[in-house]
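Listed in Swiss-Prot for this protein:
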{"type": "BINDING", "residues": "Lys26, 72-73, 99-100, Lys103, His105, 124-132", "note": "5-phospho-alpha-D-ribose 1-diphosphate binding site"}
{"type": "BINDING", "residues": "Phe34, Phe35, Thr128, Arg156", "note": "orotate binding site"}
Amino acid sequence: MKPYQRQFIEFALNKQVLKFGEFTLKSGRKSPYFFNAGLFNTGRDLALLGRFYAEALVDSGIDFDLLFGPAYKGIPIATTTAVALAEHHDRDVPYCFNRKEAKTHGEGGNLVGSELQGRIMLVDDVITAGTAIRESMEIIQANGASLAGVLISLDRQERGRGEISAIQEVERDYGCNVISIITLKDLIAYLEEKPEMADHLASVRAYREEFGV
């Protein structure tokens, strides 16, 4: 685990974005942990979040031309990541996001920001079922652009309804890499360093045994 990944886990814990306990997911599964990126909700949170996304992006080495944030959660993420790339990595990258409803007046259309072209890095909070990615792919392809990769905050590394995860489905269907700031594996490595979190470690390991990929 890299220093920025450990720092991200601590940031998420401090903000109550990452919690341990017993949570029922939309799928009906009982999970020993829960991640709610919507709680990164202040100016300082966003500034820090962008730095972690930018770090993971640079670390991945994937070439891309533009950041795309799918509405709605992806919009602030794309914005803060673009700022962090400029301020901390000297990379001035264009960004773009979509509207859920196409505008009929003014400049019209359903895209805001830079022109959607070239190799696109899609940024979002998490991938649950991959629906937002599929909707975004329609927009990207309609504009003649290509998907360079997808960047999310957490990869839960668990099976969907079949034998592979929603993330593996996206990688298979679109031939792109999905990268994340942290994975379930990183989370377990962090818990292993914390004797006071031994109970949580046991339940997270058991969950991975049952649902992991």
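Each residue, glycine too, has its Cβ placed from N, Cα and C.
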Inter-residue C-alpha distance, Phe35 (orotate binding site) and Ile127 (5-phospho-alpha-D-ribose 1-diphosphate binding site) (nearest angstrom): 12
List of residues, in chain order, with Cβ under 8 A from that of Lys100 (5-phospho-alpha-D-ribose 1-diphosphate binding site) and at least 6 apart: Ala71, Tyr72
For the orotate site built from Phe34, Phe35, Thr128, Arg156, further residues of that chain with CB within 8 A of the site's CB center: Leu25, Ser31, Tyr33, Asn36, Val126, Leu154
Among Lys26, Lys73, Arg156 [binding-site residues], residue with fewest other Cβ within 10 Å: Lys26
Lys26 (5-phospho-alpha-D-ribose 1-diphosphate binding site) versus Thr128 (orotate binding site) - Cα distance in angstrom: 9
Local backbone state of Thr128 (orotate binding site), from DSSP in three classes: coil
Shortest C-alpha distance to Arg156 (orotate binding site) - which of the binding-site residues Lys26, Asp125, Thr131: Asp125
Sequence-distant neighbours of Asp125 (5-phospho-alpha-D-ribose 1-diphosphate binding site) in its chain (C-beta under 8 A, six or more apart): Ala37, Gly38, Lys73, Gly74, Ile77, Ile152, Ser153
Phe34 (orotate binding site) versus Lys26 (5-phospho-alpha-D-ribose 1-diphosphate binding site) - Cα distance in angstrom: 11
Rounded to the nearest Å - Cα separation of Phe34 (orotate binding site) and Ile127 (5-phospho-alpha-D-ribose 1-diphosphate binding site): 14
Assigned conformation of Arg156 (orotate binding site) - DSSP reduced to three states: coil
Site diameter for orotate, Å, by largest Cα distance between Phe34, Phe35, Thr128, Arg156: 13
Same-chain residues at least 6 apart in sequence whose Cβ lies under 8 Å from Thr131 (5-phospho-alpha-D-ribose 1-diphosphate binding site): none
